[in-house]
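Down below is the structure, laid out as structure tokens.
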Amino acid sequence: MNCFGSPPGEDVPPRSRRSANNMAANSATPPSDRRFLIFFDFDETIVNESSDDVVVQAAPGQNLPAWLKDTYRPGHYNEYMQRVLAYMAEKGVTESAIRSVIEKIPASPGMQALFQFLRNRPPQDFEVVLVSDANTFFIESWLRRVGARQLFVKIFTNPATFDKDGRLVLRPFHSHSCLRCPENMCKQVILRDYVMRRTQERGRPFQRVFYVGDGANDFCPSLILGPRDTAFARRDYPMHRLITEIHEARPGEFKAVTVPWASGDDVVERLRKHAEEK
């Protein structure tokens, strides 16, 4: 496997059949002088909880009825959350109530220090991108509260906007054929398309690509990282376990350097070493 190419026999999803331009971000092309590209997940990576779980705190009784919970089907979580948000709207849960519980989610340990490190680096060091299976409203609300929105040049996530009736309407990001990922988002497709497009726009590749995540859907994009790249996998979370399993079952297939993290400080330590490279 080379960087952003597929290994022999690997079932890698094709380009999404809907445009990958569904993003909450400025559409302007980022500067072309950045040395490194870093991707972040949101739930349980940037924030220390799942925003989809936290939003239930705004529901009546801070709970969902059993009949609604029973409608969940594996691989169709986006559809399930559409029903959850529709139920909350029917029960009179307001935009301000949803925003309030989302804004209170704590950052993961050391994440604010990691953000500060990235802000303090010379502008030509890091291009920072967020890719998440949460949604635009949750992510934008939280990032703006902590003053971190401007750090990200692009945010790829599921579109979510309030309609005239006050309901938060959630839509899938795209469609794909990856068997590993939920039907509404394959982060490998997003990562590969973005890196290929930016390489063409820049006329050269990034020196290194970094991916910071925690979940099973963060494992899929990490499979196309190359040997100069780094997968920062939250220690003892699904992404870390899946990488460990592939190392044991098929040594040499996973190409990226793996750095388990428990705190953003672990990520800062490794990024600082690379940033000092010439």
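Numbering starts at 1 and runs along the chain as displayed.
Heads up, the Cβ atoms here are built off N, Cα and C, so glycines get one too.
Listed in TrEMBL:
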ACT_SITE  Asp41  active site, nucleophile
ACT_SITE  Asp43  active site, proton donor
BINDING   Asp41, Asp43, Asp214  Mg(2+) binding site
BINDING   Asp52, Asp133  substrate binding site
COMPBIAS  19-29  compositional bias 'Low complexity'
REGION    1-29  region 'Disordered'
Only counting partners 6 or more residues apart, tell me which same-chain residues put their Cβ under 8 Å from the Cβ of Asp133 (substrate binding site).
-> Asp43, Tyr77, Asn78, Thr157, Asn158, Phe173, Pro182, Asn184, Met185, Lys187, Asn217
Output field, Mg(2+) shell: CB within 8 Å of site CB centroid, site Asp41, Asp43, Asp214 dropped | Phe42, Glu44, Thr45, Ile46, Ser132, Gly213, Gly215, Asp218, Arg234
Cα-Cα, the residue listed as 'active site, nucleophile' versus Asp52 (substrate binding site), nearest Å, comes out at 14
Taking the Cα atoms as reference points, how far is Asp214 (Mg(2+) binding site) from Asp52 (substrate binding site) in Å?
-> 16
Starting from the Cβ of Asp43 (active site, proton donor), draw a 10 Å sphere and report how many other Cβ atoms land inside it.
-> 24
Counting only other Cβ atoms and using a 10 Å cut-off, which of the recorded positions Asp41, Asp52, Asp214 scores lowest?
-> Asp52
